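The active site, proton donor annotation in TrEMBL covers GLU44, GLU278. The active site annotation in TrEMBL covers ASP185, GLU299. The Ca(2+) binding site annotation in TrEMBL covers THR402. Annotation comment: TrEMBL describes 465-475 as compositional bias 'Basic and acidic residues'.
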Amino acid sequence: FSLTLIDALDTLLILGNVSEFQRVVEVLQDSVDFDIDVNASVFETNIRVVGGLLSAHLLSKKAGVEVEAGWPCSGPLLRMAEEAARKLLPAFQTPTGMPYGTVNLLHGVNPGETPVTCTAGIGTFIVEFATLSSLTGDPVFEDVARVALMRLWESRSDIGLVGNHIDVLTGKWVAQDAGIGAGVDSYFEYLVKGAILLQDKKLMAMFLEYNKAIRNYTRFDDWYLWVQMYKGTVSMPVFQSLEAYWPGLQSLIGDIDNAMRTFLNYYTVWKQFGGLPEFYNIPQGYTVEKREGYPLRPELIESAMYLYRATGDPTLLELGRDAVESIEKISKVECGFATIKDLRDHKLDNRMESFFLAETVKYLYLLFDPTNFIHNNGSTFDAVITPYGECILGAGGYIFNTEAHPIDPAALHCCQRLKEEQWEVEDLMREFYSLKRSRSKFQKKTVSSGPWEPPARPGTLFSPENHDQARERKPAKQKVPLLSCPSQPFTSKLALLGQVFLDSS
């Protein structure tokens, strides 16, 4: 029940139900406890619990919740998010730095836990964990997320593809099917969203390399098939409903034409069944046996929302209208909206997934609500005074995590002095040890003059040899005139509201 509340919390605010948002925040503060003997999915806990709590924390002031002094760098929901994330850190203690798929919230990784994890379960942490590190000042979260991303990047095949499942102890691929759907999807999504959120050119370059390989080996007539990751030969000529996020992701990098063509392919499937079946056989033009259901997934509606913001094409509103009418007609029941067990006869299942409230409803509402604060173009904002200076929030350009929890990129800079102070201490320690080794009081050494690394903080999971690679985001120390502003590091290639990489790259 608490998971569903957390997952749907920011939806209440986006739909305008401020009083209910406030009430649920009070309930969560009194009821959530992570010290329980429960096995939890590392991936799901991150995107739903950590992501949901971070989003609600950053939206609290807008919702009229009384925030404590120091917000957004402190607050009860932020502390809950940090506690939940710390419960996941033992999963990252592997030889490769890639996490186990499941962790016990009380005891850590179970001794008999399988080392096989899906690609998405390894590469879907940078949005939440980097946000958490920025707000709390503890780099361990962003560090583990970056190491996991890099290990996946280093594990790609010679033709530039990644498989579906990998052994996190050995780094060997167990399932070698390559595609953009289930088991892989949010890895690609987080490279793009992490690049935009953190203004990180390296993450975007990684995605663009993957995008070339995906176009070369998996795309056929604007459909994306599954292929063998080493040979590029087709292994499954199917479309999965989870792949419908791809046009929205293409829109974020400015590839609108390809996005619309692929979207229209997927929309034809929706028109055929009144929803997207989990699997759709492309050559046969029909559902796949035992994969005929539609659990009210949001991905196609998500893409429609992104593409409508980019193009204003009324076809996208037609999809939204179709979705509302289909869901109301087919799946509405007395106590909610039920999963469609079989799209061929529209039989229902006795369940409703929390992502229906967290994502499907939210994206539908945003598709039809052009004045929602989420769509802010920067014309309005909130100036917040923090212990570290003035901070601008709510100016737009929100980054949705893969569970549709919006993160305000500006918030990552509100508490930056915490990180700067830590880096200054580390720089002083490096210089001290550098001078000590030189055995000279008069020879000045720079930070780069020695290989010394700061000792691991409590909870840090890395050996010194991994530290430099994990902390590549650290900006160079520069002397900046007091009355000048440093230039944006991404040289206008990224814009907050969507279009990315306008040049030939």
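Cβ atoms are placed via backbone N, Cα and C, with glycine included.
Keep in mind the model is a prediction, meaning the values are calculated, not measured.
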GLU44, ASP185, GLU299, THR402 filtered to the recorded positions whose C-alpha is within 10 Å of GLU278 (active site, proton donor): none
Cα separation, ASP185 (active site) to GLU44 (active site, proton donor) (Å, whole number): 14
Between ASP185 (active site) and the residue listed as 'Ca(2+) binding site', the C-alpha gap once rounded to whole angstrom: 10
Separation of alpha carbons, GLU299 (active site) and THR402 (Ca(2+) binding site) (Å): 10
Winner by Cβ contact number (other Cβ atoms within 10 Å) across the recorded positions GLU44, THR402: THR402
Other C-beta atoms that fall within 10 angstroms of the C-beta of GLU299 (active site): 25
